[in-house]
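What Swiss-Prot records for this protein:
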type	residues	note
MOD_RES	S5	phosphoserine
MOD_RES	S132	phosphoserine
REGION	297-323	region 'Disordered'
COMPBIAS	302-311	compositional bias 'Basic and acidic residues'
MOD_RES	S304	phosphoserine
COMPBIAS	312-323	compositional bias 'Acidic residues'
MOD_RES	T315	phosphothreonine
MOD_RES	S322	phosphoserine
Amino acid sequence: MYHNSSQKRHWTFSSEEQLARLRADANRKFRCKAVANGKVLPNDPVFLEPHEEMTLCKYYEKRLLEFCSVFKPAMPRSVVGTACMYFKRFYLNNSVMEYHPRIIMLTCAFLACKVDEFNVSSPQFVGNLRESPLGQEKALEQILEYELLLIQQLNFHLIVHNPYRPFEGFLIDLKTRYPILENPEILRKTADDFLNRIALTDAYLLYTPSQIALTAILSSASRAGITMESYLSESLMLKENRTCLSQLLDIMKSMRNLVKKYEPPRSEEVAVLKQKLERCHSAELALNVITKKRKGYEDDDYVSKKSKHEEEEWTDDDLVESL
């Protein structure tokens, strides 16, 4: 259960400010490592600022969701949610300048398939990359190389509680204990849209799965012009606990505000930041502190050592077959 989980104890935070501090600290720690190797100065413009890292994380998180949405065989929502949570957690304590988000996002999806027991083979997984067989083999090698690192950086807390199960539970509860609403299924589509949008925010790191699920349902009801105050007060027995009800309403308002204020990264900005990111991962700077036998995922234009044939490196454009 969530309330006894590592997610509640270690990965649910008190505020957006706390998340910002963790990310800024990860950025600072990497800068210190990079300066210590003597190749850059403390204020070198090669470094990404914390807000620039966040923009890139938003971009790659969206790419992760797009990759999962067209995955074949169809990926269950719980697996997608788990992969998304892994990605968010990883970059709370790590910098994109040290670990490239392109390979981390794929490793998150790969690990989520295993943990959530979505039976897909390694060749099937990389087969979803728009790449040659050699390129797919290269991608799989990189994923396997980073899998243990990801597990370690998640502190071996691999079980993720997503809002999808409580969401279905609330719909069942509405059907059985709230006859005022004749057909609760009319709320599903808009609520699903809300869940998709809130997955792009930090809500998973701030609120419980049941709070997110309930907010999705009530937001859907509100958009449909359906009042559900009596469901909260009577069915959820919050009538006598006005403090708890008030806190719940405040939480829901905060979540809706998260969705409203979310701004997708602009393509022009992302293009500039990706150039800075690739420079951080370039061989001449070698800011990545684990540059052991790299296969070139850091550079979109990388071509592996040529012998009898040339092998083309996979890039961001190879992540999905179609968007």
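Any Cβ shown, glycine's included, is placed from N, Cα and C.
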Note to self: Validating a neighbour-count step here. Other CB atoms within 10 A of the CB of S132 (phosphoserine): how many?
What the structure shows: 13
Checklist line | Distant-in-sequence Cβ neighbours of S5 (phosphoserine), under 8 Å, six or more positions away | finding: I159, H161
